[in-house]
Amino acid sequence: MGAAGLLGVFLALVAPGVLGISCGSPPPILNGRISYYSTPIAVGTVIRYSCSGTFRLIGEKSLLCITKDKVDGTWDKPAPKCEYFNKYSSCPEPIVPGGYKIRGSTPYRHGDSVTFACKTNFSMNGNKSVWCQANNMWGPTRLPTCVSVFPLECPALPMIHNGHHTSENVGSIAPGLSVTYSCESGYLLVGEKIINCLSSGKWSAVPPTCEEARCKSLGRFPNGKVKEPPILRVGVTANFFCDEGYRLQGPPSSRCVIAGQGVAWTKMPVCEEIFCPSPPPILNGRHIGNSLANVSYGSIVTYTCDPDPEEGVNFILIGESTLRCTVDSQKTGTWSGPAPRCELSTSAVQCPHPQILRGRMVSGQKDRYTYNDTVIFACMFGFTLKGSKQIRCNAQGTWEPSAPVCEKECQAPPNILNGQKEDRHMVRFDPGTSIKYSCNPGYVLVGEESIQCTSEGVWTPPVPQCKVAACEATGRQLLTKPQHQFVRPDVNSSCGEGYKLSGSVYQECQGTIPWFMEIRLCKEITCPPPPVIYNGAHTGSSLEDFPYGTTVTYTCNPGPERGVEFSLIGESTIRCTSNDQERGTWSGPAPLCKLSLLAVQCSHVHIANGYKISGKEAPYFYNDTVTFKCYSGFTLKGSSQIRCKADNTWDPEIPVCEKETCQHVRQSLQELPAGSRVELVNTSCQDGYQLTGHAYQMCQDAENGIWFKKIPLCKVIHCHPPPVIVNGKHTGMMAENFLYGNEVSYECDQGFYLLGEKKLQCRSDSKGHGSWSGPSPQCLRSPPVTRCPNPEVKHGYKLNKTHSAYSHNDIVYVDCNPGFIMNGSRVIRCHTDNTWVPGVPTCIKKAFIGCPPPPKTPNGNHTGGNIARFSPGMSILYSCDQGYLLVGEALLLCTHEGTWSQPAPHCKEVNCSSPADMDGIQKGLEPRKMYQYGAVVTLECEDGYMLEGSPQSQCQSDHQWNPPLAVCRSRSLAPVLCGIAAGLILLTFLIVITLYVISKHRARNYYTDTSQKEAFHLEAREVYSVDPYNPAS
């Protein structure tokens, strides 16, 4: 609740005379609203004003209903007003002499308020708050005043000539107030502008004076003159004029005005030089003179035409050859006339109609082309212009430059797998553009490094490929993946049976940028120990891990007694297999060994003077047990627990309860009364105890009366502390008591070895006293001899000679079997502590690396075209197209190293040529034709020719025909040749027969060999020779 509200409550409670007095409706305001109120409006009611969105409230926003005469109600202050917001409104700093601001700060915008308070010893008249109005004035009331409460006042200030002050027509002035002086127009204030009334009743300074203000003479005006009035008082005007060739820039006159605390001339003009624009250029000509952009007034330029451009063509100047820079009516520089022109004087020159393929003419189309005519070309969509798009008809009747050509733009060059192209983010690929390819580390480029865009819009040669590079190992291997170097991942690896992928090693490979190849490792699959079964055992060892494929066989233990056996339930053999989990698993659950029993049943059991304390009731089956206890006064004789055996009897026999013979009368006695009857119970002690004497227990019964039992007394046997040895210690150093059976172990300090028994035990001697089992050992200094054991590397081998033991600094070189990778150092050394440093390495099985797809060979194929993954051991077979010969191994095998066993073969084109002499050949061969490898031809001769040789031949890999091509011989030589041939055949036959008869005659052995390899067949034919011109022959 505000102060006004509190006042209203106060009036309502304290001044009951105001009850029933009310105020009229609050004054309305434009563009505003009044808070809700109810009628009648009682004294003490507060109403609030607010303005619409774009209006500002000027004045107090709340009014209070009060009464001054206790008769009528009235509002305590006038209503505020709402002014439309003026964003440009700005009020000056408000000053209240004798007061100060308590709220409000600069700048003062429309609607801002300032609240004042008076200084000490001053009181306020007027409203303490004022608002900045749209008219840049403070309102809605005048600024408040602060009146001094001191009795001393300053006297009234005198008037000054040609000036005024803020306290004119005012009497004395209260201390703390100030007076401001100002001069009339044309005068300057000399002295203090503001003087203050002091508390002493005196002014802080003497009143100032107002002196007439005058401007200084303007002096010389560059490139012109100025006309000044005789007296340069405030308000006079000076006029400016420019020399010829200059023009006035700025106002033509300047005025003497007051400026701050002095006087000055208003802005003065300058005389700027008049310039003409650059002389207009002319086609086929030039001008002599100033060629700058701004040419001075009065300058002259002279025009001339260019030299003859070519033979038969010259230029003629038409118009005035000289121009002068002058001014127009607007004082703007201009040339005295238009520029001349140079026109050609040509003979009859005519150029042919220009042509362009895959393009068109976009301008300059004519039926006839003469000297200097130009045409502009553009290409069809998808083609690029090569050359100048504009050509000109010259004086020789030809086009220059020559007509362009339209070439097709290439598509973006393709990306390659495992590589990149250097296209510099180009979006357009014109003919002639070259793109360079490169491969990522670990890959090698196959094909040309660069391709080029041809005018047909295609790339040539074919785009290269990035094939997997062979790793040239540097010998460096990392067990963790490198973070900032290229690693070629292994995605094709697999492990053999009994192994699974587990971890990787990274082999560094040589290259322009060293890179790494991931090698997957195989971990042997192992199973946990096979389950242990009750009443049975398995053939497995006591290993913690069992290798994959291990089989164990279960058997049952022998029967616990005769007639009882254990039967194996389940599979007797289980095998270590693999699953998708981290470890191997057994192929099945372990079997069970269950008892195989006949119908066993023992008789009902009962003892006199006793009772059963545990066990079931009858009937009793195998291994059922019963436990007995005797009644008080009876002693159990026999075993307290019996068991039902397989033979239907109890084991041991059923006990009996016998009446106790000794009824205890008193506590044990150390001395036996004379004449007493004694019964010995036990005269010795258990192991670990020493007999120290006897005691006597008094007994009494009806038959014997009083008698005594002799009872032995036993104490625990102790040993003295074991001996301390030099350069060593034993495990009982911190113990105080050593009982019978306790054991201590000795060990020596570093550099000493133990001589004697390592362990001693507390025992008893012949007299029953405690003693150690032997003498204490000794610690002797160790001789400087080093013996390292023979290092065993599973899946590996030693490169140097093997010994049973190794001495200090002996070095062993080890390596892993093929298919395994080493984890550790290949070189180990025998250390003085009989160990190998840096430790015996291990060999980890490498994963089977899948081979990459085998390379294709031009003009051939292989059998692996539809196979996605090539595992170790897989093979492919290459073959060539018809007419091509396979060069290299046809069969390639994928190795465990992930490479192919041989380089891929290639297909070599093999051709056989036709013979140079083809006379008489009618069919089978064509002149100058090349025949592919394997081709078979069958020859036929023309009439009058005879075939000599085999009619069929085949093209071989050495480019030769096999058998050699036959020839066609003219039949005119046939009779002679046939006769010679017949004679040679007959002569050969006779020689063979003669040699055969001679050899048989000498050997006197005749036999027949039926072997097809050595058999021969002779057939004699009659040869006819026919002369077509002599039928009689």
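A Cβ is built for glycine as well, from the same backbone N, Cα and C atoms used for every other residue.
Keep in mind it's a predicted model, so treat the numbers as computed, not measured.
Feature annotation from Swiss-Prot assigns disulfide bond to Cys23-Cys65 (among others); the stated evidence is experimental evidence. Same-chain residues at least 6 positions away in sequence with a Cβ under 8 Å from that of Cys23 (disulfide bond) are, in sequence order, Ile41, Val43, Thr45, Cys65, Gly73, Thr74, Trp75.
Positions annotated as domain 'Sushi 2' by Swiss-Prot: 89-148.
The disulfide bond annotation in Swiss-Prot covers Cys91-Cys132 (among others). For Cys91 (disulfide bond), the same-chain residues lying six or more positions away in sequence with a CB closer than 8 A to its CB are Tyr108, Asp112, Cys132, Gln133, Asn136, Met137, Trp138. According to its DSSP assignment, Cys91 (disulfide bond) is in a strand.
Residues near Cys146 (disulfide bond) in space but far in sequence (CB under 8 A, at least 6 apart, same chain), listed by position: Val96, Pro97, Gly98, Gly99, Phe116, Cys118, Lys119, Phe122, Ser123, Met124, Asn125, Gly176. According to Swiss-Prot, the feature disulfide bond maps to Cys118-Cys146 (among others), an assignment based on experimental evidence.
Positions annotated as disulfide bond by Swiss-Prot, on the basis of sequence analysis: Cys154-Cys197 (among others). Here Cys197 (disulfide bond) comes close to Glu153, Cys154, Ile173, Ala174, Pro175, Gly176, Leu177, Ser178, Val179, Trp203, Ser204: these same-chain residues lie at least six apart in sequence, with C-beta atoms under 8 angstroms from its C-beta.
The disulfide bond annotation in Swiss-Prot covers Cys439-Cys466 (among others), and the record cites sequence analysis as its basis. Around Cys439 (disulfide bond), a 10 Å sphere centred on its CB holds 21 further CB atoms from the protein chains shown.
Look at Cys522 (disulfide bond): DSSP puts it in a strand. Counting Cβ atoms from all protein chains shown, Cys522 (disulfide bond) has 23 others lying within 10 Å of its own Cβ. Summarising the annotation, Swiss-Prot assigns disulfide bond to Cys495-Cys522 (among others).
Within the same chain, residues at least 6 positions away in sequence whose Cβ sits under 8 Å from that of Cys630 (disulfide bond) are Ile607, Asn609, Gly610, Leu636, Cys657. Here Swiss-Prot flags Cys630-Cys657 (among others) as disulfide bond.
According to Swiss-Prot, the feature disulfide bond maps to Cys662-Cys699 (among others). The Cβ of Cys699 (disulfide bond) has 19 neighbouring Cβ atoms from other residues within 10 Å, across all protein chains displayed.
DSSP places the residues of the domain 'Sushi 12' (717-781) in helix, strand and coil in these numbers: 0 helix, 30 strand, 35 coil. The domain 'Sushi 12' annotation in Swiss-Prot covers 717-781.
The Cβ neighbour count for Cys762 (disulfide bond), using a 10 Å radius over every protein chain in view, is 23. What Swiss-Prot lists as disulfide bond is Cys719-Cys762 (among others), and the listing cites sequence analysis.
For Cys748-Cys779 (among others), the entry in Swiss-Prot reads disulfide bond. The Cβ of Cys779 (disulfide bond) has Ile725, Val726, Asn727, Gly728, Cys748, Asp749, Phe752, Tyr753, Leu754, Leu755 as same-chain neighbours under 8 Å, each 6 or more residues away in sequence.
For Cys788-Cys830 (among others), the entry in Swiss-Prot reads disulfide bond, with the evidence type sequence analysis. Neighbour count (other Cβ atoms within 10 Å of the Cβ, all protein chains): 23 for Cys788 (disulfide bond).
According to Swiss-Prot, the feature disulfide bond maps to Cys816-Cys843 (among others). In this view, Cys816 (disulfide bond) is surrounded by 21 other Cβ atoms within 10 Å of its Cβ, with every protein chain counted. Following the DSSP three-state reduction, the secondary structure of Cys816 (disulfide bond) is strand.
The feature domain 'Sushi 14' is assigned by Swiss-Prot to 849-909, with sequence analysis given as support.
All protein chains shown were included, and the count of other CB atoms within 10 Å of the CB of Cys118 (disulfide bond) stands at 22.
Counting other C-beta atoms within 10 Å of each candidate's C-beta, the disulfide-bonded residues Cys132, Cys466 are led by Cys132. Taking the C-alpha positions, the distance from Cys816 (disulfide bond) to Cys522 (disulfide bond) comes to 14 Å. If you compare Cα positions, Cys788 (disulfide bond) sits closest to Cys522 out of the disulfide-bonded residues Cys522, Cys699, Cys719. In terms of Cα distance, none of the disulfide-bonded residues chosen from Cys439, Cys495, Cys522, Cys699, Cys830, Cys843 sits within 10 Å of Cys762 (disulfide bond).
Here the disulfide-bonded residues are Cys65, Cys657; the one with the fewest Cβ atoms within 10 Å of its Cβ is Cys657. Between the alpha carbons (Cα) of Cys466 (disulfide bond) and Cys522 (disulfide bond) lies a span of roughly 29 Å.
With helix defined as DSSP H, G or I and strand as E or B, the domain 'Sushi 14' (849-909) counts 0 helix, 25 strand, 36 coil.
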